[in-house]
Amino acid sequence: LPFPIPCSLAQPVTPELLVSPSSQDGDLGSECPEDRGNWTGRLDFLLSCIGYCVGLGNVWRFPYRAYTNGGGAFLVPYFIMLAICGIPIFFMELSLGQFSSLGPLAVWKISPLFKGVGMGTILIVSLVAIYYNMIIAYVLFYLFASLTSDLPWQHCGNWWNTDLCLDHHVIKAGNTTFPVNITNTVSPSEEYWSRYVLHIQGSSGIGDPGRIRWNLCLCLLLSWTIVYLCILKGVKSSGKVVYFTATFPYLILVMLLIRGVTLEGAWKGIQFYLTPQFDHLLSSKVWIEAALQIFYSLGVGFGGLLTFASYNTFHQNIYRDTFIVTLGNAITSILAGFAIFSVLGYMSQELGVPVNQVAKAGPGLAFVVYPQAMTMLPLSPFWSFLFFFMLLTLGLDSQFAFMETIVTAVTDEFPYYLRPKKASFSAVICIALFLMGLILTTEGGMYWLVLLDDYSAGFGLMVVVITTCLVVTRVYGMKRFCRDVHMMLGFKPGPYFRACWMVLSPATMMALLVYNIIKYQPSKYGSYSFPSWAEVLGILMGVLSCLMIPVGMVMAVLQEEGTLWERVQQASRPTMDWGPSLEENRTGMYVASLAGSQSPKPLMVHMRKYGGITSYENTAIEVDREMEEEESMM
């Protein structure tokens, strides 16, 4: 036959009441889709989530955000926003993924009218994966450059240095009878980054990318090769790699922390980082910054959490895992701040300048300030290698999640064709994204990277998360969602989660979205301002992911029959096969939707087929009873 036979038609359907115990597990034929698999170890899921959430942002964004928004006082709005926005949305994503065992596209069987949300998610993740792997390529470049006795950014006098270059050793050893003016000078590490690694002087702006930097291109190719080899067998391979990539950064972070706090002047930096300025709490900006940090640090809305949870067993305790990951992520961010600012305090003392003059965020911290600080330490290549190896492992497991999200989403849509060829399909995706990322390896590539970073996952991501929250609570229904969680975990979400899902979380994210639109500022890289066409392109990137939602609605409505309102109503309801993916988990109301179920009491048939009543079947009976009571009252 030219087309595969659906599983439900692979054999004649026998009413379940007539199935004997010996024939319970019949062969469904070779045309059924290949099993999507599960995590193979007990800690695979937990470590994958920790590795996904604990990324580069914990090291180069949180410490800077903390000190610019009230120091220690910033922790107050940070943990409040974690409770209002972070933990509830995190738990919702895990619950959706685990309950359905579906990726970010197929999970919208919950309400096909909003499948465009999944399409928007995949677009956002694809754009982020392109530039995120370029950052990993920069890290690889510095990692290899650290394999030397003298770090190449330690001194001036190289071919890429200019007359403005000023070596810190000159400042330290200079005559103290006259002050050294460093305001119009540039550090060797800054010129190494901009003039050697990026060779940005070869580009006049974003419209003039210049030539490809082949050393960066090879690093990008290597980073994509590493990512592909680690996701080659899906979660079965990446789930083992994270045992190293999710735990080893903590070892290095502790080593850097111990080394940092033992340096002279370290306390000066830590004071600068944590001294509470409670007057900042009266500013709305501080609360918005805290919410943004939570939003991006936990990675909600990118589909990674939903994808990872979809490979869980049906009764995995994701309630416990939610608190372990979210609180662990917050503690890691705070620890990273100590490791960073202790070294910055030492550096400010060595240079004789205030801490706020050396403190930076983002790539400026990772590729300029911290490498410069490393040159001031004994055994500087060793500490530099450790720092960049930590960044590599932090970045890789986040990239694994992005790639697994894309691959899982598409293979779940076409299971018959793509699941048996998952390794080949993953290779095609990696090659395509590598080719799209080649523009980032040019002399003007940093301008494109900044544009992607500023716009690809901005307001579009917030719209996706807000829509998901509203669809689950309003369209699908809070009661029904809580029943699903009850059926899966054995207990219902408490008032805290219900209040956050219904009101607090969407309201907070709406405030974030409005704030971002009102306070919109054009992108800049240093003193370079982007032209208007680049700004329009960036805004279109964000808008395109939002446009996927109405596009998905139109497609869903066209597939239904009846009047327009009837079509909308039909498309907003869950599909018949929505629910747990495995037959033994489809208890209560979901048994009736199984192909071939012809019993008027499907739950009793289910118990007879799978042998007795467990605590979870008891839960299903309770849910059925609740539904019957509600129907009788109507």
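The backbone N, Cα and C atoms fix where each Cβ goes, and this holds for glycine too.
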Cys165, Cys217 - which one TrEMBL pairs with Cys156 by disulfide: Cys165
Listed recorded positions (Cys156, Leu394), ranked by Cβ neighbours within 10 Å, top entry: Leu394
Tertiary neighbours of Gly51 (Na(+) binding site) (same chain, Cβ under 8 Å, six or more apart): Val242, Thr245, Ala246, Asp397, Ser398, Phe400, Ala401
Distance [Cα-Cα, Å, rounded] between Val54 (Na(+) binding site) and Cys156 (disulfide bond): 35
Long-range neighbours of the transmembrane segment (290-311), counting only residues six or more past its ends (CB under 8 A): 36-39, 45, 48-49, 52-53, 55, 57-58, 61-62, 65, 69, 74, 77-78, 80-82, 85-86, 89-90, 93-98, 100-104, 107, 118, 121-122, 124-125, 128, 235, 318, 325-326, 329, 333, 398, 401-402, 404-405, 408-409, 457, 461-462, 464-465, 468, 508-509, 511-512
Sorted by sequence, non-Gly51, Val54, Asn58, Ser297, Asn329, Leu394, Asp397, Ser398 residues with Cβ within 8 Å of centre, Na(+): Ile50, Tyr52, Cys53, Gly55, Leu56, Gly57, Ala246, Pro249, Gly299, Thr332
Chain-internal residues near Asn329 (Na(+) binding site), provided their CB is under 8 angstroms and they sit 6+ positions away: Ile50, Cys53, Val54, Asn58, Ser297, Leu298
Long-range neighbours of the transmembrane segment (455-476), counting only residues six or more past its ends (CB under 8 A): 89, 92-93, 96, 110-111, 113-114, 117, 120-121, 124, 127-128, 131, 295-296, 300-302, 501-502, 505-506, 509-510, 512-513, 516-517, 523, 538-539, 541-546, 549, 572, 574
Cα separation, Leu394 (Na(+) binding site) to Cys156 (disulfide bond) (Å, whole number): 31
Separation of alpha carbons, Leu394 (Na(+) binding site) and Cys165 (disulfide bond) (Å): 32
